[in-house]
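Reading through the C-alpha cells given below for one structure.
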Amino acid sequence: MSSAPLRSLATSATRVSALRRTPITTVARAASSSSSTKTKSSKSTSKAAEQTSPLTKDDWELPHIHVGPTHSSRYSQHYHNTLASDLMYMTYSHRQAQRPPKPEPVQPPQTPYEANRPRPPIMRGNRALRTKTTGINPDSVPKLDSIIIHTMVKEAIVNKSTLLSAIMAMRAISGETPNGGGRKGSNGVEVIVAKKSAAAWKLRAGMPVSVKVELKGEAMYDFIQSLVDFVLPRLRDFPGIPLPPASTPKNAPSSLAGIVSFGFSPTAMSFFPQIEANTDAYPRLHGFHVYFKTSLRGENAHEHARALVSGFRIPFHRR
C-alpha cells in the first residue's frame, strides 16, 4: 500500500518539472533565433551601406529672389491720373524765353584812321531778359523724387544704445532694408555721424547721433498714405504745415531748392499703424523730420513743390 502512492508522486513530480522546463527552453531558442536574425539584418545593412556610393555634390544654387510689385499704390495712381495733369494746368506758362536781337552788321572803315585803329568794344547791355527756369510742359511736370525721414537722438551722445529704438521705429515705418526686395538703390536705415566736434554739447566728430531713411518709388507713396490717413487726422490742434513768411526773399536758397520739409513730435510716431500695433516693443519714441524732394529747381520751385505736396492732402496754413 505504501509503494503505489510513492510511485504516483514521483511520476507527477517528473511531469511538473518537465512542464516547467519546456517554456524556458522554447523562450531561449526564440531569443537566440531573434538575435541571429538581427545580426544577419545588421550585416546586410552594413553591406548595403558599403555598396552604395556617396552623394555627388550638385552645383545647383538657389535663384535670386526679386520681389515684384505686390499691390498698386493708391496715391501713386492719384498722382499719375489726376494730380499731374492738374499741376500742369496750374503751373503752365505760355511765356517762353525771348530771343536776343540779332547783332547789327559791322560797317567797314570809312577812313584810313578808322582802318588802322582797333574797333571799339560792342556794348552788351542790350540783351533781352531770360527766364531763370524753363516753363512747365508735359515732359517736366513736378513730381516726387524721394522722401527722407530723419530723426536726431540727443541721448546718443552719452549712450549709443538709445539709437536702437530709433532704428527699429524707422525700419517699421518705412519697411526699408539694405537692398530689400532686390532693389539695389535701397540703402535701408542709415546711421548718421557727426561731421564736426562741438565741445558745448560734448560732441565729437564721427560720433553716431541720428538716423535717416530715404524712400523712393512705391515705398514713398505708401508712407504718404500712412501719414495722411492715420497720423494727421489724429493730431490734436494741428492746423497744417506752416508756410514761410511773405517777407522771405524769392532768391533764397530754400526757395530755389524745391524741397518741402516739416517736423512732427514724438506723439505722431506712435500713431503709425506699424508702431501702434506693438508700442511696448519700442523703449522710446522720437520726433522726426520729413523732407519731400521734388524735381523742381530754380525760381518759384518752392511754391510749385508746396502745390505738389498739398495735392496729397497735406494741409498748409499761414502763420
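Each residue's number is its place along the chain shown, starting with 1.
Every residue, even glycine, has its Cβ placed from backbone N, Cα and C.
Worth saying up front: this structure is predicted, and the values here are computed from it rather than measured.
The annotation compositional bias 'Polar residues' is assigned in TrEMBL to 1-15. What TrEMBL records for 30-49 is compositional bias 'Low complexity'. Among the features that TrEMBL reports, domain 'Large ribosomal subunit protein uL5 C-terminal' is placed at 208-316. Here TrEMBL flags 1-76, 94-125 as region 'Disordered'.
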Could you put numbers on the helix, strand and coil content of the domain 'Large ribosomal subunit protein uL5 C-terminal' (208-316), residue by residue per DSSP?
42 helix, 24 strand, 43 coil
Confidence summary for the domain 'Large ribosomal subunit protein uL5 C-terminal' (208-316), mean pLDDT rounded:
89
